[in-house]
Amino acid sequence: MNAWEVNFDGLVGLTHHYAGLSFGNEASTRHRFQVSNPRLAAKQGLLKMKALADAGFPQAVIPPHERPFIPVLRQLGFSGSDEQVLEKVARQAPHWLSSVSSASPMWVANAATIAPSADTLDGKVHLTVANLNNKFHRSLEAPVTESLLKAIFNDEEKFSVHSALPQVALLGDEGAANHNRLGGHYGEPGMQLFVYGREEGNDTRPSRYPARQTREASEAVARLNQVNPQQVIFAQQNPDVIDQGVFHNDVIAVSNRQVLFCHQQAFARQSQLLANLRARVNGFMAIEVPATQVSVSDTVSTYLFNSQLLSRDDGSMMLVLPQECREHAGVWGYLNELLAADNPISELKVFDLRESMANGGGPACLRLRVVLTEEERRAVNPAVMMNDTLFNALNDWVDRYYRDRLTAADLADPQLLREGREALDVLSQLLNLGSVYPFQREGGGNG
């Protein structure tokens, strides 16, 4: 059956700021306390969405979350009106204010793990929300992510959206950023590669930075998504590269159809894994980048593998890269050798995503891949699909509500909270989502 990969990109939120909240993510730590530009960040993301949609790649948008998220501050013991809560937390514990104001939901590669209908036992598309247990600021995302996905994939005959796994370290799940699918045409059954960093009883794990994904979580997600057990491989990421800042697998590997583009040191027991994939995936091709050409350190600083590998109708592929790759002579030299070599990659497309990159999120972090048949695509909420009208409406919306300068101190401004709620009220109507945000359900909307 014919099917297409649709990229659902996260729209950057109004409180995008640099707080260094993500230990193990070196870009996040390095840019802590810099001044951010939320308006520019949102526009950089929108430009990528529109350019890819114009190039013929199906593209959609996932909206931001409500931030600052006051209900969690109340859970932490701050009381009074919303304004009083903001004032108290800013004075007594500003780090909590930064955490509940993070715009991290923009990295929707961590929103959920997807199983296309060709891979599932019941023939539905399954989406399991990630609990993002390893980081407090990200662990807040799951309930609203679930509401958003249910509003976008709202046909229960075709889509099953599963709640996140329990919030415990044993079941730490980071979503599609640790998941690859390999195979032939999108509509054919594929091999699902779940990548984890640690498992109970296995001493092979990183020592400097945390391994955010557990094997136990990956196995549970595969069960929830009803993936045919014959179509699943579990593989451990190389703990040494996690300790060098590769906090998700999508920082060191990217797949598309029959191709796995990865670093030579991406996986534990890599040669064994690649042999397994060759045996089980028709036409499988591994493009391994040697450490002698691109070091792990350069991989992390340029986000070479946090790229999108997209298929054209003729079978050729385009690699979507952040600008940092072009600015690094060694990485850019390697990429041009790759273009000249015998493989499906025939074009490099570069985007300026500096605002997101400075927090450790490249092109692949910003998108959730969902393989859909034509019938399934028609069942998706059409208001989220990118086109000229939506692009212009979202740009106008960003111009109206987003600030062009934000520091950690600005997060205490009650006007920022009011602006954010009004903006999301308008956006949820624009995208025909219903009342997906807690403030709307509590009657606190500004519509």
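Glycine is no exception: its Cβ is also placed from the backbone N, Cα and C atoms.
The feature substrate binding site is assigned by Swiss-Prot to 19-28, N110, 137-138, R212, D250, N359. Per Swiss-Prot, active site is recorded for E174, H248. Residues annotated as active site, nucleophile in Swiss-Prot: C365.
A map of Swiss-Prot features onto the structure.
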residue : record                   : Cβ within 10 Å
A19     : substrate binding site   : 24
L21     : substrate binding site   : 21
N110    : substrate binding site   : 29
R138    : substrate binding site   : 22
E174    : active site              : 31
H248    : active site              : 29
D250    : substrate binding site   : 31
C365    : active site, nucleophile : 27
C-alpha spacing of the residue listed as 'active site, nucleophile' relative to L21 (substrate binding site), in angstrom: 16
Using Cα positions only, nearest of the active-site residues to N110 (substrate binding site) (E174, H248, C365): E174
Secondary-structure category, per DSSP, in which the residue listed as 'active site, nucleophile' falls: coil
Between A19 (substrate binding site) and C365 (active site, nucleophile), the C-alpha gap once rounded to whole angstrom: 18
